[in-house]
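Student: First, the structure itself, so that you have it in front of you.
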Amino acid sequence: MSTSLTSSSDPDAFCRILASSKSLGILTGAGLSAASGIETYRGVDGQWNHTNPFEVASLRAWNENPDRVWTYSHSRRDACLRASPNAAHDALATLSLLSTRKRLLPSLTDPSKPPLYITQNIDGLCRRAIDSIMKTPEAEEMDADEKKLVHERHIEMHGSMYRVVCTQCKCIKWTEENPLAPIFANDTSTRGDEKIPIDQLPRCGGSSWSGSNRYGRCGGLLRPGVVWFGEVPENQGEIIRHLTKVDVLLVIGTSSLVHPAASYAGTVKKNGGTVAVCNLGPTQIDDHADFVFHGPCEKTIPMLFKRLGQINDAQASA
Ligand code: BJW
Ligand code: ZN
């Protein structure tokens with residue numbers, strides 16, 4: 001982004017723009033899950049402060065040291081399985097409901113289409129919040145196609161820690177089984193630098209694999225179904241296709257240091273859209289954003305949506 005704008009932090013001014021959005025996009029990062037107890041990556045309290053990302057989140061690391069990658073992935077996955085969505089996940093998930101969209105986003109070109117929800121997070125907490133809200137009585141007015149769209153327009157661009165991919169037969173499996181291999185049943189912190197033999201790492205067909213060669217049970221080494229540095233993030237075509245139509249982009253809890261997600265705000269600005277950043281503190285893209293709301297997103301997002309509802313209700317009854 002080349003232009004520098006003077007950003008505003010006026011919630012009412014932003015809510016008026018949000019209320020007139022015809023196509024909303026949401027981009028989230030690790031800060032969204034901080035209040036759920038999941039460590040962010042960067043910053044003083046971040047994962048990369050005590051773990052070298054190139055030892056655990058690159059294809060080279062995987063090829064050289066899959067046990068190190070799995071030990072890291074298991075401990076993060078274990079923490080995420082124990083965590084629950086927080087108030088920011090829940091507030092964003094309400095936009096999956098047709099009734100909420102009609103009230104909060106009355107100008108959407110197609111109210112039956114939920115906002116484009118792109119997350120860099122691999123922790124599944126956004127999806128869990130959406131799944132819970134889709135089980136509430138408010139979701140009953142939505143038909144099967146409308147519910148399907150909610151899932152289609154929720155994109156986990158860096159993959160998911162609940163997905164594993166077999167490096168041999170290439171099968172993809174979604175699982176919340178924990179641990180994925182008996183070796184991780186013991187406290188990993190007590191193992192020190194001891195290497196785990198490759199046949200004790202998660203394998204295709206599970207730990208009781210007994211020699212079949214079948215697809216999905218071939219005994220091959222499983223890898224986490226996440227996107228590492230140097231790999232191409234998922235659904236890029238779809239993201240760019242939708243993003244060019246987005247007129248308001250909410251960028252929540254991301255340092256905006258990792259590409260290509262870091263460039264999405266620029267795409268929206270280039271197309272004349274509005275960008276709002278919600279982050280604990282300053283980020284790379286604040287100078288280019290139209291609105292910046294500093295503070296914990298588990299507070300700012302519910303606050304903005306509450307205000308948006310009040311403004312829309314007042315307008316409707318005027
Ligand atoms: C709160 C809060 C609260 C805290 N409320 N806020 C040089 C220039 C440009 C690009 C490159 C370059 N060198 C290499 C690249 C490419 C590279 C890249 O961008 N590197 C940069 C680091 C320089 N990118 C890639 O390799 C990507 N692939 C790629 O580019 O392919 C080429 C291609 C693209 C498109 C089309 C065709 C080709 C892949 C990136 C994969 C990232 N993977 C990871 C690891 C996941 C695996 C695992 O954990 O096991 O994904 S890295 C990590 O960073 C993770 C995250 O999704 C990602 C982004 O982090 P995020 O979410 O922003 O978190 P943080 O911690 O950085 O920030 C948290 C924020 O929250 C902070 O700002 C806090 O203030 C805030 N916060 N509490 C609100 N309560
Ligand atoms: Zn296999």
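Cβ coordinates are placed from backbone N, Cα and C, and glycine is handled just like the others.
Nobody curates TrEMBL annotations by hand; they come from automatic prediction.
Sharing the record's features from TrEMBL:
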type: ACT_SITE; residues: H158; note: active site, proton acceptor
type: BINDING; residues: C166, C171, C204, C218; note: Zn(2+) binding site
type: DOMAIN; residues: 4-311; note: domain 'Deacetylase sirtuin-type'
Student: Please list, in sequence order, every residue of the chain apart from C166, C171, C204, C218 whose Cβ lies within 8 Å of the Cβ centroid of the Zn(2+) site.
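Tutor: For the Zn(2+) site the neighbour list reads Q168, C169, K170, G205, Y215, G216, R217, G219, G220, L222.
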Student: In the three-state scheme derived from DSSP, which category covers the residue listed as 'active site, proton acceptor'?
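Tutor: Once the DSSP labels are grouped into three classes, the residue listed as 'active site, proton acceptor' ends up as coil.
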Student: Let me check the 10 A CB neighbour count of C166 (Zn(2+) binding site). How many other CB atoms are there?
Tutor: 22
Student: For ligand 2, list the recorded positions among H158, C166, C171, C204 whose CB atom is within a distance below 6 Å of it, in sequence order.
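Tutor: List returned for ligand 2: C166, C171, C204.
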Student: Scan H158, C166, C171, C204, C218 for recorded positions whose C-beta lands under 6 Å from an atom of ligand 1 and note them, or write none.
Tutor: H158
Student: Along the domain 'Deacetylase sirtuin-type' (4-311), what average pLDDT does this model show?
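Tutor: Result for the domain 'Deacetylase sirtuin-type' (4-311): average pLDDT 94.
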Student: Determine the Cβ neighbour count for C204 (Zn(2+) binding site): the number of other Cβ atoms within 10 Å of its Cβ.
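Tutor: Other Cβ atoms found within 10 Å: 24.
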